[in-house]
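**Q** Structure below; questions to follow.
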Amino acid sequence: MSRLALGNPPGIFLPRIFAGPPPEMRPPFPPVQPRNRTVVQARPRVGLTPYGKKAKEKLFLPLSMEATSAATSQRLRELGALVAYLGLSVAMGVLALPWVYAAFHPMFPQPPHRYLHRLILVALVGLFPLFRKKMGARSWPGEFFTLEPGWASEVGFGFFFGILFVAALLAEARSSGLPSPLHIPTVARILSLCVQAWGVALVEESFFRGVIAANLQRTLGTPSGLFGSATLFSLAHYIGHPGKAPWPKEGDVLQAWSACFGPLLDGAWWEPRALILFLAGLVLAAALFRTGRLWLSSGLHAGWVFALRLGEEMAGSTKPACFVLPLEVGTCLGLGICLLLLWLWKSGKSV
């Protein structure tokens with residue numbers, strides 16, 4: 001056999017003719033196309049995801065000046081949409097108050113500020129689809145009420161801890177001179193108070209934390225989301241609060257504005273209750289940011305409202321229980337909320 005048939009034994013080099021044609025005689029091949037490099041830019045801020053998990057950032061290249069400017073403009077537009085959404089909802093509620101109160105008060109005798117709060121709520125729900133995309137919000141309320149593992153424990157812990165927390169304060173108030181409970185409500189009344197507490201908690205958490213706090217955290221950062229939403233949560237309880245101005249008659253729009261916003265302008269909010277509401281707003285916003293869901297904050301809120309209304313029912317008072325508590329108990333409430341805020345911030349799960 002020939003040497004070519006036997007192959008190229010080790011150490012024996014064949015002439016160039018056996019190594020193939022020279023490069024200039026080889027058939028042409030298509031040029032190698034450069035690979036497309038996709039530049040992944042970092043998002044300007046990590047927000048809340050639909051399932052409450054921390055968004056993963058991949059920083060390959062820094063943001064360009066144009067991208068940074070576009071992201072800033074987008075955040076400002078979302079913040080402006082939030083301000084317009086809240087302002088328009090409150091304005092619509094105040095404008096409709098004189099007519100609605102005059103029409104329904106004979107059938108449903110409730111204080112005027114209750115009507116105002118319901119009207120603002122209706123406006124918030126009705127206007128939300130129009131402002132949802134402009135505010136950068138996702139589908140609500142499914143965004144923060146996902147049934148992931150652990151949601152039931154968050155609800156149960158928040159609700160029962162809220163009840164125990166307020167019950168301890170009511171017991172302290174009784175030992176400080178508050179009259180003892182006059183009667184025990186019926187089971188049906190207790191269940192009714194529980195349903196009302198959960199209704200208030202779910203509605204307020206959906207808007208104050210699910211819309212306002214999430215928008216401020218996404219556009220301005222976590223500190224702004226905490227303190228901004230807590231401030232609005234505290235001041236909102238004084239819109240329409242009974243003050244010096246008389247409640248308006250049918251069609252008296254100017255008097256309606258004076259009665260609704262007068263307590264905010266004359267300093268009616270300058271009291272320990274406003275500080276307590278502010279600290280409560282901090283805790284509830286921290287619960288959202290640390291868990292990524294509204295179950296824990298809703299449970300805490302419902303537990304607080306249920307315990308306060310049950311204490312009011314048992315004491316036979318027409319005011320919320322926090323109005324009749326001594327100042328020392330209010331201070332304990334504020335300190336306890338601060339401690340709860342620190343506990344949530346240190347041991348909670350990052351969003």
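Cβ coordinates come from backbone N, Cα and C, glycine included.
I grabbed these lines from TrEMBL:
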TRANSMEM  82-103  transmembrane segment
TRANSMEM  115-131  transmembrane segment
TRANSMEM  151-170  transmembrane segment
TRANSMEM  190-208  transmembrane segment
DOMAIN    190-306  domain 'CAAX prenyl protease 2/Lysostaphin resistance protein A-like'
TRANSMEM  272-289  transmembrane segment
TRANSMEM  323-345  transmembrane segment
**Q** Average the per-residue pLDDT over the domain 'CAAX prenyl protease 2/Lysostaphin resistance protein A-like' (190-306) and send me the rounded value.
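**A** Summarising the domain 'CAAX prenyl protease 2/Lysostaphin resistance protein A-like' (190-306) by its mean pLDDT gives 81.
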**Q** How about long-range neighbours of the transmembrane segment (190-208): same chain, 6 or more residues beyond its ends, C-beta under 8 Å?
**A** 121, 124, 140-141, 144, 229, 232-233, 236, 281, 284, 288, 294, 297-299, 301-303, 305-306, 309-310, 313
